[in-house]
Amino acid sequence: MGGNHTQTKFIFLGITDSPCVQAPLFGLFLLIYIVTLVGNIGIMVLVCVVSSLHTPMYFFLTHFSFTGVCPKMLADLLSENKTISFTSYVTQFHSFAFFATAECHLLAVMAYDRHVAICNPLLYVMVMSSDVCWQLVASAYLIAFLSAIIYTDCTFGGSFCGPNQIDHFFCDISPVLKLACSDTHSSEMVIFAFVAINVVGTSMIILLSYICILHTVLRMRSAQSRSRAFNTCASHLTVFSLFYGTIFFMYLQPASSHSSLDKLASIFYTAVTPMLNPFIYSLRNKEVKGALVKCRRRMLNRC
């Protein structure tokens, strides 16, 4: 990365500078993060130990849960010392960009899996073989890694010789670019283009998959079959709506349009959505609830 980086550290201003609000926020976000860890790790363990969940759908779900377990820099909010070195900021930003992009592509892969399962059930086992599943997941991680490198290089490729206070609570694009001393227009255009490719591209795959699914489901004669098909897709569509709604708001708008609402939206997709994902997939999914019952029975029998 080029540029004359005269700054050696940054300081997060956090969500608020009010001392009386800091303590409740600390407790709230700590609770959210603990629930997120327990829920997502619980799904990963459940899929591993219950043989009935050894299917492509839950294979992809474990990787999606893995991206939810990895912190979105909430430690920066909970820490009393909000100073971070330039190198640490770059590293954390790359990690955040990687996992956020990976989530987009994994959601697209999960939508494709549901499309094959419902629209071509007789070919499902052959199309979604173990090798294909691993290739799809590896592709999602590879694209995310390369995209994160581009985002990082564009964000930190300029000079930072002025203020070092970041009006945010974690490593994000817009607050950093505001501190750059050099012209950031070209960097913003490149970032916007790649965000559009990743976000709009994956969202189009998801929408097209569900248009085909809807067309197939409406042609089913059995009401029970239609209900079963809709139930298998409801969780994924809920997560898609929550995640992509905030992503579109945050990253597909001009830099001049960013406001104080950015922090609220950031809280939603970095903290609230990862916490809700395990509940959405477990409470709305009969197979996951059945697997939980089996695990509980095994534990009680052993006790």
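Here the Cβ of each residue, glycine as well, is placed from N, Cα and C on the backbone.
Feature annotations, reproduced from TrEMBL:
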DOMAIN    39-281  domain 'G-protein coupled receptors family 1 profile'
TRANSMEM  25-50  transmembrane segment
TRANSMEM  57-75  transmembrane segment
TRANSMEM  95-112  transmembrane segment
TRANSMEM  132-151  transmembrane segment
TRANSMEM  189-217  transmembrane segment
TRANSMEM  229-252  transmembrane segment
TRANSMEM  264-283  transmembrane segment
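The transmembrane segment (189-217) and the transmembrane segment (25-50) are not in contact, since fewer than 3 Cβ pairs between them lie under 8 Å (pairs 6 or more apart in sequence). Sequence-distant contacts of the transmembrane segment (229-252), counting only residues of its own chain at least 6 positions beyond either end whose CB sits under 8 Å from a CB of the stretch, comprise 57, 100, 103-104, 107, 110-111, 114, 117-118, 173, 192, 195-196, 199-200, 203, 206, 210, 213, 216-217, 220, 262, 265-266, 268-269, 273, 276-277, 280-281, 284-286. Remote same-chain residues near the transmembrane segment (25-50) are listed as 15-16, 58-59, 61-62, 65-66, 68-69, 71, 74, 77-78, 271-272, 274-275, 277-279, 281-282, 288, 291-292, 294-295 (criterion: CB distance under 8 Å, separation of at least six residues from the stretch ends).
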